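Taken straight from TrEMBL:
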- B:GLY12, B:PRO13, B:SER14, B:GLY15, B:VAL16, B:GLY17, B:LYS18, B:GLY19: ATP binding site (BINDING)
- B:5-184: domain 'Guanylate kinase-like' (DOMAIN)
Protein chains: 2
Amino acid sequence: MKDKGLLIVLSGPSGVGKGTVRKAIFSEEDTNFEYSISMTTRLPREGEVNGVDYFFKSREEFESLIQQEKLLEYAEYVGNYYGTPVDYVRETLDSGKDVFLEIEVQGAQQVRKKFPDGLFIFLAPPSLSELENRIVTRGTESEDLIRNRMDEARKELEMMNLYDYVVENDKIELAVERIKAIVVAEHCRRERVQGRYIKMLEAGK
Amino acid sequence: MKDKGLLIVLSGPSGVGKGTVRKAIFSEEDTNFEYSISMTTRLPREGEVNGVDYFFKSREEFESLIQQEKLLEYAEYVGNYYGTPVDYVRETLDSGKDVFLEIEVQGAQQVRKKFPDGLFIFLAPPSLSELENRIVTRGTESEDLIRNRMDEARKELEMMNLYDYVVENDKIELAVERIKAIVVAEHCRRERVQGRYIKMLEAGK
């Protein structure tokens, strides 16, 4: 009668600090979801361990996995592939555990199509809310600078459309706390809890 | 540019421990929502303070408030009225603060009609999930007892329909933690955050 786990997807604009937040989440002892390790064709950097930081693969291996549809999402950056192996994700979710992905926005779009019920969290740069102060206290910065920032903000707002939640990365500890709260809350959603009880009553008949 | 506060409604079957959980929430220092004190026509019990535990009113005063539509919800129990003064709730929400109500299920139904966007949390008795073990390990209890409990569970499942979240009151600390997580998560919902940013950009034009 065990429920399937939740697929938690953390994404956001590049440079927002997704990796740092993800590492902070998994450095805490009470984190009870599983991190899905990405696969890449880039060479390991010093200190990086295969199966811990990434699964390191050759280009041929990676392309063969793409053709076998063994990747939940993938993308090419600066000549290297990055992707999420799908089997691990499906097996872990089936076992009732939550799976956590930290991926780029393009990847998140691919995952949304395959897992519409996933929990999609957008990590937003603090510049977005700092913009508010800048707008209010105009004069300290040039109109051009403010206008550029507003254009950027508009693009980020557009990106958010795919997501269920937006977490501002103002302070890492706060971002971590919010992400963990979102996961706890999501497990308490009525449809989810009620569904479990209904299955339980069916089983008891 | 301040957002309206969230209306948080904690309810559930009588005897589930709503009052205990509410007191535990407000005994914590980092709780940043306001408790809406109920109004009642029953006499103060020893140690109860007017304006702290309840607003104590005469029957005439209470009925006059009902007629003036000054109550967000009310009900009569064992010959006494209990209700929520609406002005405090509206003013506090308008000031951007979250308001917390702890009320009976009938009251929650009335509030849902007036505040469809409220955050409705159902506090569920642990007996519901304990039932699962009982069903699985049949034999230790009579079939009649199990069947009665299942009937009760069905009623509780029906009650839940109105709510957004279900929190099991297995341990007070856990229930408190879940409720606080739900409030944090709700503030991160994309529509809410995006709406705030959009207003901000509008203001910056």
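Cβ from N, Cα, C; glycine included.
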B:GLY12, B:PRO13, B:GLY15, B:GLY17, B:GLY19 as binding-site residues, winner by CB count within 10 A: B:GLY12
Distant-in-sequence Cβ neighbours of B:SER14 (ATP binding site), under 8 Å, six or more positions away: B:GLU104
8 Å Cβ shell about B:GLY12, B:PRO13, B:SER14, B:GLY15, B:VAL16, B:GLY17, B:LYS18, B:GLY19 centroid, ATP site members excluded: B:LEU123, B:PRO125, B:ASN169
CB within-chain contacts under 8 A for B:VAL16 (ATP binding site), separation at least 6: B:LEU123, B:ALA124, B:PRO125, B:ASN169
B:LYS18 (ATP binding site), number of other Cβ atoms within 10 Å: 21
DSSP state at B:GLY19 (ATP binding site), helix/strand/coil: helix
